[in-house]
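Colleague: I have a structure I would like to understand better, so I am pasting it below and will then ask my questions one at a time.
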Amino acid sequence: MRKALLVINCVILAIGNCGGPLIARLYFIHGGNRIWFSSWLETAGCPIILLSIACAYMHRSRTADPTSENKFFYMERPLFLAAVVLGIITGLDNYLYAYGLSRLPVSTASLIIASQLAFTAVFAFLLVKQKFTAYSINAVFLLSIGAGVLALHSSSDRPANEPNREYILGFVMTLAAAVCYALIMPLVELTYKKAKQEISYALVMEIQLVMCLVATVVCTVGMLAKNDFSVIGREAREFELGETKYYVIVICSAIVWQGFFLGGIGLVFCWSSLLSGIMIAVLLPITEILAVIIFNEKFQAEKGFSLALSLWGFFSYFYGEVKQSKKKKPDPEIEMDSSLPPKTLESNV
């Protein structure tokens, strides 16, 4: 079951990680300029998670012991407070990333975000005592080099008529978003470990719901401060692709971004925060290729080389994990002997 959840969350994360930045950039390059609104869209689709929680509730109703209590929400107060804190950090991260994406091409922003892997590795080691193998170290190294290779062409991706100050500020804000998100994943893993209640996948979805709701509230405050709600209608009418497509982009953005957050937190539950960071870094070149196709960005040799390094790092990590899991499997003979009654074991000695 856990392996199936792992695969599902990898697919969900891939859709959100690749689709989210592309849709957000589409909003900005065709006339959208409300940064707080864009950051709000990153978590505003969280009510979708209620469908999953409802399905889990109905499943428990059919399969659980009739004498046991079946609640719609299982989250207790300490876990709720932790999710609120994580949601506030997520709201800040949303704004930092939306600001950077409004100033930088998708390829450049993705390049900077890829640096979160190195920060995730550091925070995972400090907060949850993440153990590293030769294969995981090799994966972090290769994926970091892949991001560095992409940096060789970043200057040629600077948008036309983009002031140098705005470009640098966008770079700094995106880097801050990478650090912020790199901190969130190990904190989520630490929350799981410190929780005084059993962590199920249904509870993971509850945590994600609270995090996104709080992050949306943070961004809503920013929208109110910038008077974004009163200008959305006018922005939609003036949108280059038309008013209908404006709202289609807005709705799709809110839905697709949920895949990024739910997939990321799901991978932390199924495996570790380091794997979540590695998956995000692996998807970087794929996002770049999609940006080339959709936005006609240049596909240089560095991007192809980076893709190869990313795939190499990805398979290196999983090969190491498979090898480690095989070492942890108990000897079948020992497992069989341990199932015998004590007297039988004594007679065999």
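Numbers run from 1 along the shown chain.
Note: Cβ is positioned from N, Cα and C throughout, glycine not excepted.
TrEMBL: automatically predicted annotations, no manual curation.
Since we're looking at a predicted model, the values are computed, not measured.
Just lifted these from TrEMBL, have a look:
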REGION    325-349  region 'Disordered'
TRANSMEM  35-58  transmembrane segment
TRANSMEM  79-97  transmembrane segment
TRANSMEM  109-128  transmembrane segment
TRANSMEM  135-155  transmembrane segment
TRANSMEM  167-188  transmembrane segment
TRANSMEM  200-225  transmembrane segment
TRANSMEM  245-271  transmembrane segment
TRANSMEM  278-295  transmembrane segment
TRANSMEM  301-320  transmembrane segment
Colleague: Quick test of the contact rule: Cβ under 8 Å, at least six residues beyond the ends. What residues does that give for the transmembrane segment (109-128)?
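Modeller: For the transmembrane segment (109-128), the nonlocal Cβ contacts are 21, 25, 97, 100-101, 140, 143-144, 146-147, 150-151, 154, 170-171, 174-175, 177-179, 181-183, 185-187, 189-190, 193, 272-274, 276-278, 280-281, 284, 287-288, 291.
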Colleague: Output the single range from 167-188, 200-225, 278-295, 301-320 maximising the number of Cβ pairs under 8 Å to the transmembrane segment (35-58).
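Modeller: Going through each listed stretch, the top one turns out to be 200-225.
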Colleague: Quick check for me: are there 3+ Cβ pairs below 8 Å between the transmembrane segment (167-188) and the transmembrane segment (301-320), leaving out pairs under 6 residues apart?
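Modeller: No, since the transmembrane segment (167-188) and the transmembrane segment (301-320) share fewer than 3 Cβ pairs closer than 8 Å, they do not count as touching.
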Colleague: Using a Cβ distance cut-off of under 8 Å, indicate which of 79-97, 200-225, 278-295, 301-320 has the most pairs with the transmembrane segment (245-271).
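Modeller: Most Cβ pairs under 8 Å with the transmembrane segment (245-271) come from 200-225.
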Colleague: Below 8 angstroms Cβ to Cβ, which residues of this chain, lying six or more residues outside the transmembrane segment (278-295), approach it?
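Modeller: Apart from its flanks, the transmembrane segment (278-295) reaches 10, 13-14, 17-18, 21-22, 25-26, 29, 105-107, 110-111, 113-114, 116-117, 139-140, 143, 146-147, 150, 264, 267, 303, 306-307, 310-311, 313-314, 317.
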